[in-house]
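Engineer: Swiss-Prot lists Thr89, Thr90, Glu108, Phe109, Asp133, Ala134, Asp153, Ile154, Ala155, Gln156 with the feature S-adenosyl-L-methionine binding site.
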Amino acid sequence: MSEVITVKQTNMENIYECEFNDGSFRLCTRNLVSGFNVYGERLIKYEGVEYREWNAFRSKLAGAILKGLKTNPIRKGTKVLYLGAASGTTISHVSDIIELNGKAYGVEFSPRVVRELLLVAQRRPNIFPLLADARFPQSYKSVVENVDVLYVDIAQPDQTDIAIYNARFFLKVNGYMLLVIKARSIDVTKDPKEIYKAEVEKLENSNFETIQIINLDPYDKDHAIVLSRYKG
């Protein structure tokens, strides 16, 4: 197995680049819970600090960063609402980034998957798992505060509408949304580029300012991620 030779801070807070002796580079985050991984990812020790390798084929946020995301609104102390948290792969790296003074509310609809997310949250006190349907944000309004960032990764035909509805409940004015657009979940017959354009128009018609659109190939085929700012 290749060995790490250096770890460098990227231009994004609490996100690092690990260089290995085989010449490869990979993203990593500083492990909030030393000694424990989440999804089988490699733990990397460098100069007395433990990092977790961040696999872009398992995490769309990592893929977006490697594909040129200009800015990551998720930083130390950020409050994040994550729709579609699944078993905790990406939200665990969000947990590393925001540190203990941040909060990550993870909404997941599947009871079986939430059980896995709960196991992750047991060791990570800044993750708050919620078994809920993202179509009904009023059902978790009493436990989720206003957030700085809304991250949406749900496989539904009306995923953009669900994201906008949640933003109206929870996203601060001038807060950011990272929306994963899953073209094949919306329409299997259309060109993904047409779908991306139509979904971005929905956002812009709902007081979102588009900052960047990133095609996630080769990490996720027929997926894009849209970074936008909510104007309220």
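Count begins at 1; order follows the chain as displayed.
A Cβ is built for glycine as well, from the same backbone N, Cα and C atoms used for every other residue.
I would like each feature placed in context: is it buried or exposed, what are its neighbours, and how far apart are things?
Structural biologist: Counting every protein chain shown, 11 other Cβ atoms lie within 10 Å of the Cβ of Ala155 (S-adenosyl-L-methionine binding site).
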Engineer: By a simple count of other Cβ atoms within 10 Å, which of Glu108, Asp133, Asp153, the binding-site residues in the record, is least packed?
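Structural biologist: Counting other Cβ atoms within 10 Å of each of the binding-site residues Glu108, Asp133, Asp153, the minimum falls on Asp133.
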Engineer: Tally every other Cβ atom lying within 10 Å of the Cβ atom of Thr89 (S-adenosyl-L-methionine binding site).
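Structural biologist: Counting Cβ neighbours of Thr89 (S-adenosyl-L-methionine binding site) within 10 Å gives 22.
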